[in-house]
Amino acid sequence: MFSRPLLYGNFSKICASAAARQPHQSVTQPTTASTAVANNNTQIREYHEVVGDILCPSQVMGIDHIRDPRLNKGLAFTLEERQVLGIHGLQPARFKTQEEQLELCKIAVNRYSESLNKYLYLSDLQDRNERLFFRFLSENIEEMMPIIYTPTVGLACQRFGLIYRRPRGLFVTINDRGHVFDVIKNWPEPDVRAIVVTDGERILGLGDLGASGMGIPVGKLALYTALAGIKPHQCLPILIDVGTNNIDLLEDPLYVGLRQKRVVGREYDDFIDEFMQAVVKRYGQNTLIQFEDFGNHNAFRFLDKYRNTYCTFNDDIQGTASVAVAGLYASKRITGRSFAEYTFLFAGAGEAAIGIADLVVKAMVAEGVSLEEARSKIWMVDIDGLLTTTRKDGNLEGHKFNYAKEVEPMKNLEDIVDKIKPNVLIGASAAAGIFTPKILQTMAANNERPVVFALSNPTSKAECTAEQAYQNTEGRVIFSSGSPFPPVTIGDKTFYPGQGNNAYIFPGVALGVIATGTHHIPDDMFLIASQELANYVSDADLERGSLYPPLSSIREISMRIAMGVTKCAYDKGLASTYPEPQDKRKWLEEQLYNFNYESSLPVTWVWPRMPYIKTRDESPLLAAIK
């Protein structure tokens, strides 16, 4: 199901070569096979070039086999493979298993004390040996997640101009207007199924990083493969470069993007439209397009604009919402309350906060609460204070209006917490430390088990630390964060706070969507993902202070989410892959990437001996010409 026919253009190449050998070929002749192909924009590939996951081993010989990260196995090539492939002598005599190589990777990455150096080692490993990289990442996800993703990926983006090595995605600039399709055609893979795209305007909590934001799509798609088994050749990271308003970057001699202020308005919108159309033209209507780290003012606009005409979702809105709501589902097992009995207060009213609030409302409606009552349970604070219909400062554009209350304006967060008395306090503000000791103590005074989520990334932007949350609530807080925090000991009990990481959600959703060829992605799929994740949380996890299962279990969670998404796609008539599989788990597993080495030699097989049949004697042909 995951394979599409590949057109290599070898016939055209042969024709072009033959034409070049003609002794009297005139330079004024108008056309040859090669120029005709070029005029028709047909891609011509070298014989040894590898695309997709379909390979004829005999076509990739010698050192090219070692240089291609998809084919390279390092010292794991057998003697026979080395001899047949023509690489014998290019490597030392030692033969290693993949397991031995994994141990070496662990030793090598632990040699570095700085996380950015570990990030660079892993990037180099991916450049050299793709299967080893993904297996190492998938089997050591608890240790490697903070390196390949948050928080280290934020540092990698900040220093992107210094550490950039080689292409691992496409940069599409505003200067390519009218030619976006031509740029996308330059990507050598014909079988792309998932794209993660950003314009770099709001990278994590770090702000506008422009073209340096490419580290985010690259990291996200690495997790697509490591956590959900989506084949790496089907993943394409894209950075849309329309400039940056970050003066430090514009003046930075190492910055690799366009040195201009951001293009905005109609010109920007038309460019995004062209990009979406070009993706569909190149890879098909069912190509998954995940929007990542767009500015708040664009994120909801594009989600509302494209969600019913393209296969797309916004991870900052819907992925964050799904993982947060999963934590809230798990918290109900501790508090014994339903969502309808909670009062929610959000510090922050951007795309993450609104996305969580909208999914919480959907969860309450699923429990039988009316839409109006569900929204009345949710209060929000932005930079201008409490969202109210009476305030003079700020605005209530877009989805904010749904959560504005008819009360007097208030600005001080401590006063707001004291007045509203929320049961659940959720931070999605990127404002470090705004959950002060007084706020946390007020939450503890008003609730036997206060629920506090400090979700902003990276760690330096968190609304409070895990230690602050536990210390100021006498250890009674139900805490979750967006970035990892170390264990906290209060008295004789040690708490291991869970990280509400989007990586629990988006790989599994993507796997289900890609496998089923889903047309559009409804919010129902993200609510299903929340429930599947919450159901996987054990009593032991809750006892140790975590609302989430260990990161090491994400691959199983991704599979369960993908199964739920698959069922939803067929139930709602959104799937385009038929017939509907009866055993959905087995069907999904058959399509996953193989992290283990495969033989580099052509497959051979034996024919049965032909039965003996006596043939007649040959007789000369008689020419009967009269």
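Using N, Cα and C of the backbone, Cβ positions are placed for all residues, glycine too.
Automated prediction, rather than curation, is the source of TrEMBL annotations.
Per TrEMBL, the feature active site, proton donor maps to Tyr149. Taken from TrEMBL, the feature active site, proton acceptor covers Lys220. The annotation (S)-malate binding site is assigned in TrEMBL to Arg202, Asn457, Asn501. For Glu292, Asp293, Asp316, the entry in TrEMBL reads divalent metal cation binding site. Taken from TrEMBL, the feature domain 'Malic enzyme N-terminal' applies to 126-307. Positions annotated as domain 'Malic enzyme NAD-binding' by TrEMBL: 317-570.
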> What's the CA to CA span in angstrom from Asp316 (divalent metal cation binding site) over to Arg202 ((S)-malate binding site)?
Replying inline: 10
> Out of Arg202, Asp293, Asn457, which of these binding-site residues is nearest Tyr149 (active site, proton donor) by C-alpha distance?
Replying inline: Asn457
> How far is it from Asp293 (divalent metal cation binding site) to Asn457 ((S)-malate binding site), counting Cα to Cα, in Å?
Replying inline: 12
> Among the recorded positions Arg202, Lys220, Asn457, Asn501, whose Cα is within 10 A of the Cα of Glu292 (divalent metal cation binding site)?
Replying inline: Arg202, Lys220
> Which one of these recorded positions has the most other Cβ atoms within 10 Å of its own Cβ: Arg202, Lys220?
Replying inline: Lys220
> If you skip the near sequence neighbours and keep only those at least six away, which residues in the chain come within under 8 angstroms of Asn457 ((S)-malate binding site), Cβ to Cβ?
Replying inline: Thr150, Pro151, Gly154, Leu204, Gly205, Ala430, Gly482, Ser483
> Looking at Cβ-Cβ distances, which residues of the chain lie under 8 angstroms from Asn501 ((S)-malate binding site) while being 6 or more apart from it?
Replying inline: Met145, Tyr149, Thr150, Val323, Gly482, Tyr548, Leu551
>> On average, what pLDDT score does this prediction assign to the domain 'Malic enzyme N-terminal' (126-307)?
In response: 96
